Amino acid sequence: MRRRRRATEMLLAALSIVAVVISFSDAQEIQNVTIAGNASTRIISPNFPFTYPNNADKTWIVSTEEDHKIAITFFQFRVDTNFDGDFLQIGDGTNVTANQFFEENGFTLPPNLLSNGNEMWMRFITDDRLADSGFVLAAASVPSTEMLACSRTELDCGHYCIRGTLQCDREADCFGGTDELNCGNKESANENV
Ligand SMILES: *[C@@H]1O[C@H](CO)[C@@H](O)[C@H](O)[C@H]1NC(C)=O
Ligand SMILES: *[C@@H]1O[C@H](CO)[C@@H](O)[C@H](O)[C@H]1NC(C)=O
Ligand SMILES: *[C@@H]1O[C@H](CO)[C@@H](O)[C@H](O)[C@H]1NC(C)=O
């Protein structure tokens, strides 16, 4: 989803001048979110359902009790893809940027995610240009015995499942591009499903 559409860049650049005038910038902000064992909470991007701010850098440190993991379900997802400056990034633990397993923008609801342990960081970064409404997700504490259960037609990306047909399609769909490894000359992995 990291596609540049040069043909529309000039128009978008012009529009972004308008956007800059009506937006404000946010300093880096960190919020702790503690979820009781087996409980759940909602996490919402700044200003939702209105346009999120430009130059935002907001981090949520999500934690739950020991012997539990964190399961993420998305309800809304609209993160501008122009200029590739707006992203939601997620990783295991509390060390922001370490052990990252997810990064996305776009308008497709991401898959359900499952952490490895009882702590997870989520960071929402936006650039100084176009914006959209952002995201709404549920973070649920689940027993640590919970395992990712991908169906036979899905590929296991470690923390989430994707459609199996996305394997070896020459576009990274699992974070880090693990779905494009060991593809040989295969055009698609349909033979593997
Ligand atoms: C968040 O939690 C960390 C570690 O427990 C703590 O050092 C920090 O002060 C907390 N931040 C806020 C804003 O509560
Ligand atoms: C969460 O549910 C699991 C399984 O039902 C249970 O074993 C565990 O004790 C629960 N955790 C809490 C904190 O209640
Ligand atoms: C956080 O992760 C970075 C690498 O991503 C590492 O260099 C650093 O030591 C880690 N910090 C802590 C406190 O673990």
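The chain as shown is numbered from 1 upward.
Any Cβ shown, glycine's included, is placed from N, Cα and C.
No curator has checked TrEMBL annotations; they are predicted automatically.
What TrEMBL records for 1-27 is signal peptide.
Feature annotation from TrEMBL assigns domain 'CUB' to 31-142.
DSSP assigns Cys183 (disulfide bond) to coil in the three-state reduction, placing it in neither a helix nor a strand. Residues annotated as disulfide bond in TrEMBL: Cys168-Cys183.
Applying DSSP to the domain 'CUB' (31-142) sorts its residues as follows: 3 helix, 60 strand, 49 coil.
Cβ neighbours within 10 Å of Cys183 (disulfide bond), excluding its own Cβ and spanning all shown chains: 14.
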